[in-house]
Each structure stands twice: as C-alpha cells, then as structure tokens.
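K.L.:
Can you keep this structure in mind? I'll have questions shortly.
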Amino acid sequence: MKANCPSVLLIYTGGTIGMIENPETGALENFNFDHLLKHVPELKRFNYHISSHPFDPPIDSSDMEPSFWAKIVEIIHRNYDRFDGFVILHGTDTMAYTASALSFMLENLSKPVILTGSQLPIGTLRTDGKENLITSIEIAAAKNPDGTPAVPEVCIFFENELMRGNRTTKINAENFNAFRSFNYPALAKAGIHIRYNEHLIRRPDPSRSMKPHYLFDTNVVVLTLFPGIQESIINSVLHVPGLKAVVLKTFGSGNAPQKEWFIRQLKDASERGIVIVNITQCQSGAVEMGRYETGLHLLQAGVISGYDSTPECAVTKLMFLLGHGLTQEEIRYRMNSDLAGEITKD
C-alpha cells in the first residue's frame with residue numbers, strides 16, 4: 001500500500017446493491033462482486049487503496065444469522081491492522097440487526113465500520129447505491145486533524161445520513177430514506193460537504209485494543225402485546241423449550257395489561273431465570289416503567305427496562321450477553337448498562 005494513502009476494505013455480503021436483473025425472469029439475482037466495481041468508476045478517483053472481500057456465495061439478508069456476523073467480525077479482525085476503515089455492503093432487510101450485533105462484537109472499536117446498501121441495484125439508472133457506496137468509503141477513510149479516525153463506530157450510512165448502527169431501524173421498503181435513528185441524532189450528514197457531529201461520536205479507550213467477540217445464544221423471543229391477547233398465547237411463548245430471554249414490546253412508555261394472569265405469567269417466567277426486557281412499540285421515545293401503575297406492575301414482576309432501545313438492538317444485545325454464559329442477574333445488569341451507545345438513561 002502507498003504511504004499515507006488511506007486504505008478501506010469492502011466486505012460484500014450480498015443484498016440489492018450487488019444484484020442484476022435476470023433478463024428472462026425479471027428477478028433480481030446476485031452477480032460477481034467485481035462487476036459492482038465496474039458500475040462505479042468514480043472509485044478510481046479516490047486516492048485510496050480499496051480492497052474487497054466478497055462472501056462466496058453472497059447471501060440474501062433475510063438469511064442473515066449470527067454465524068455470518070461472526071464471519072464478518074473474523075474478516076475485520078484478520079485485516080484490522082491493514083486497513084483504516086471497513087465498508088460492509090449488506091441487504092437492507094436485516095442491516096439494523098447486523099449493525100447492532102457488530103457494535104457489541106467489536107468491543108472498543110477504534111476504526112470506522114460502515115454498513116450500507118441500496119433500494120435499487122447498482123446497475124439501474126436511478127440507483128441510490130452509487131452515492132451510498134462512495135460516501136461510505138469516504139467516511140471510512142476520513143481522519144481528524146490529529147490523525148485519528150473521524151467516526152470509530154459501527155454505523156449505517158443511507159440517503160445522506162450517517163447513523164449509529166445500534167440506534168437505527170428500517171422504516172421504509174419503498175423510499176430511498178429507508179433507515180432512521182429516532183432516539184439519537186445523526187452522527188454526520190452528507191451534502192456538498194460531510195458535516196460530522198463530533199460531540200455525538202463515541203471514542204475508544206486508547207489504552208485498550210479492539211477485542212472481537214463471536215459467541216451468541218439465540219434462545220430469545222420477541223413478544224408484541226396487543227389488545228385482547230390471550231393467556232394461552234402468553235403461556236405458550238413463555239414456556240418455549242430452552243427459552244432464556246424475552247423482548248416484550250409494550251404500549252406507549254412501557255405499559256401493559258394489569259390482568260392478574262398476565263403479571264403472574266411474567267413473574268413466574270422471571271423466577272425461572274428468563275430475562276424479560278420491556279421496550280416500547282413506538283418508533284420514538286423510551287420506556288418509563290415507574291411512570292404509570294401499569295408499568296410499575298411489570299417492575300414488580302421482574303421485568304427490566306429496555307429504555308429507548310430499538311427492537312433490533314434489544315434482540316442482538318440479549319443474544320450477545322446470553323452467549324457469554326452470564327447469570328440472569330449479570331445479564332439484567334448489563335441490559336441496563338450502556339455498552340456501545342445503544343441506550344439513553346437520562
């Protein structure tokens with residue numbers, strides 16, 4: 001690599017950005033990653049060293065699972081000292097899950113890891129993929145005046161906004177602004193210039209190295225409440241064999257039915273060692289379990305607050321902590337702790 005030349009590794013996992021339309025069926029199919037670079041000749045104008053590491057075969061993001069997250073982390077760890085930043089090309093459907101998971105797996109991250117993709121394939125006339133890719137690479141290579149990376153975080157860049165990965169959720173399957181961070185401001189916005197909100201960006205502990213993690217336990221379920229939900233449903237979910245944790249999506253600021261059977265089911269599950277985390281069904285806002293009597297009953301049943309966590313983050317954080325073999329109390333404590341900028345506890 002050239003001296004003083006920023007270096008970026010592109011990790012292509014799959015997704016719409018790297019697809020091409022089959023002329024016979026009209027279906028979108030994965031194609032060779034090298035072809036992707038041919039559609040973005042602007043990359044040659046960067047004074048960067050850009051290398052690529054494609055998944056072989058590429059995967060649809062709907063097939064994403066923890067073993068693929070571990071593969072991404074292994075690629076980053078193996079190349080960590082060789083590159084200034086990493087750009088992960090990923091399907092949009094599970095991008096927020098992957099970004100959340102990586103934020104915990106790459107402990108004390110000191111380099112940018114930017115996930116991006118597109119709503120239209122890179123080869124189509126109106127694709128959003130080209131701009132997303134080019135700007136993501138520029139952000140991954142960006143440095144502060146002191147030579148440190150501008151954004152040493154796991155982020156999602158989409159439609160001119162750089163968002164903390166574990167704060168982001170997919171909100172639109174049709175429009176180019178497919179992602180949003182409702183409870184945390186954008187880390188940067190791209191217009192004529194890329195404007196960084198430096199006071200919002202997390203910084204690593206310079207005395208420690210980046211520590212990769214690989215283990216997950218997927219014995220987690222997401223339970224969404226709705227008016228009229230039956231005891232038999234709650235009972236069945238809470239007695240799934242091997243279940244270790246529940247993400248409970250409640251109403252408003254963390255409220256739930258006050259029915260005796262409902263509270264009893266939750267308390268019984270908690271006493272059996274199941275961790276139950278309360279997050280709101282609302283896109284914006286946070287759980288405040290002591291605000292109303294309904295939320296207070298959940299506290300008394302052993303349910304803990306997920307604060308303003310996204311569903312994607314709550315699920316992956318639980319799987320991450322469960323994978324480390326921690327006790328129920330240790331997991332409860334760490335779920336209530338801010339590990340990677342994922343929750344606000346003010």
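Glycine is no exception: its Cβ is also placed from the backbone N, Cα and C atoms.
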K.L.:
Based on TrEMBL, name the residue from Ser52, Ser61, Ser67, Ser118 that is recorded for the same substrate site as Thr92, Asp93.
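P.N.:
The record-listed residue among the candidates is Ser61.
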K.L.:
Do you know offhand how many angstrom separate Asp93 (substrate binding site) and Thr16 (active site) by C-alpha?
P.N.:
10
K.L.:
With DSSP helix as H/G/I and strand as E/B, how many residues of the domain 'Asparaginase/glutaminase C-terminal' (219-332) fall in helix, strand and coil?
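P.N.:
When I sort the residues of the domain 'Asparaginase/glutaminase C-terminal' (219-332) into the three classes, I find 45 helix, 21 strand, 48 coil.
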K.L.:
Which residues does Thr92 (substrate binding site) neighbour through Cβ under 8 Å, counting only same-chain ones at least six apart?
P.N.:
Gly15, Thr16, Ser61, Gly117, Ser118, Gln119, Lys170, Ala178, Phe179
K.L.:
Please average pLDDT over the domain 'Asparaginase/glutaminase C-terminal' (219-332) for the predicted structure.
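P.N.:
Averaged over the domain 'Asparaginase/glutaminase C-terminal' (219-332), the predicted model reaches a pLDDT of 96.
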K.L.:
Taking the centroid of the Cβ atoms of Ser61, Thr92, Asp93 (substrate site), which other same-chain residues have Cβ within 8 Å of it?
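P.N.:
Output for this site, in sequence order: Gly15, Thr16, Asp60, Ser62, Met64, His90, Gly91, Thr94, Met95, Gly117, Lys170.
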